[in-house]
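A quick write-up on the structure given underneath.
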Amino acid sequence: MTAGDSPAARLAGPVGAVFTSSTVLAATLLSPTFSWTESALSDLGVAADPLVALLFNGGLVGGAALGLAYALALRPHSSPLAVGYALSLLAMALVGVFPAGTEPHFPAAIAFFLLATATVTLDGWRRRASPTGRVSLMLAAGHVAGWILWSYGIRPGDGFALPELGGVVMFGAWLLALAPPSQSWWRRDRR
């Protein structure tokens with residue numbers, strides 16, 4: 001058994017995604033100033049309440065650390081896919097290390113959303129003949145469409161949180177249900 005075949009490696013991505021999503025959601029619920037239509041998710045990282053900032057920033061860094069081993073599970077399916085995933089997590093961690101208002105924050109946030117979308121698109125394109133590949137492509141297209149609509153002013157407010165949420169949902173759904181290691185995990189559970 002290689003490291004990529006281990007149940008721990010196959011679960012690392014989904015566990016990291018659930019951890020990160022849970023801490024970010026908790027931060028949104030605890031923040032008295034956060035608005036899905038007027039805020040960016042990164043506003044949570046500089047919230048006046050230190051618990052909110054810790055949940056957001058720590059959740060990004062911790063989720064990246066928890067999820068990194070998933071790259072080993074992706075590697076037998078595609079080395080470029082594994083690299084794209086690992087770089088996505090690095091960018092996500094950097095968003096937490098460099099909160100909003102610091103110079104590296106914006107490039108890290110852009111890198112995360114671009115890399116996550118590219119990773120899901122790459123996997124979808126590789127497996128476009130399968131239903132999971134096509135759903136991956138649709139998720140990536142939906143995320144891009146959300147940003148396009150937002151940029152054309154078709155939005156309920158000026159905040160970035162809703163199109164950012166689209167990226168979180170895209171990446172999380174891919175990790176939990178569509179990525180090749182997740183597929184093998186679900187198939188094992190059905191036996």
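Just so it is clear, glycine is given a Cβ too, placed from its N, Cα and C backbone atoms.
TrEMBL labels come from automatic prediction, so no person has curated them.
Quantities reported herein were computed from a predicted structural model and do not represent experimental measurements.
What TrEMBL annotates here:
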TRANSMEM  12-31  transmembrane segment
TRANSMEM  51-74  transmembrane segment
TRANSMEM  81-100  transmembrane segment
TRANSMEM  106-125  transmembrane segment
TRANSMEM  137-154  transmembrane segment
TRANSMEM  160-181  transmembrane segment
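Most Cβ pairs within less than 8 Å of the transmembrane segment (12-31), among stretches 51-74, 81-100, 106-125, 160-181, belong to 51-74.
Listed as Cβ neighbours of the transmembrane segment (81-100) (distance under 8 Å, sequence separation of 6 or more from its ends, same chain) are residues 13, 16, 20, 40, 42-43, 45-46, 53, 56-61, 63-65, 67-68, 70-72, 74-75, 108-109, 111-112, 115-116, 118-119, 122-123, 126, 171.
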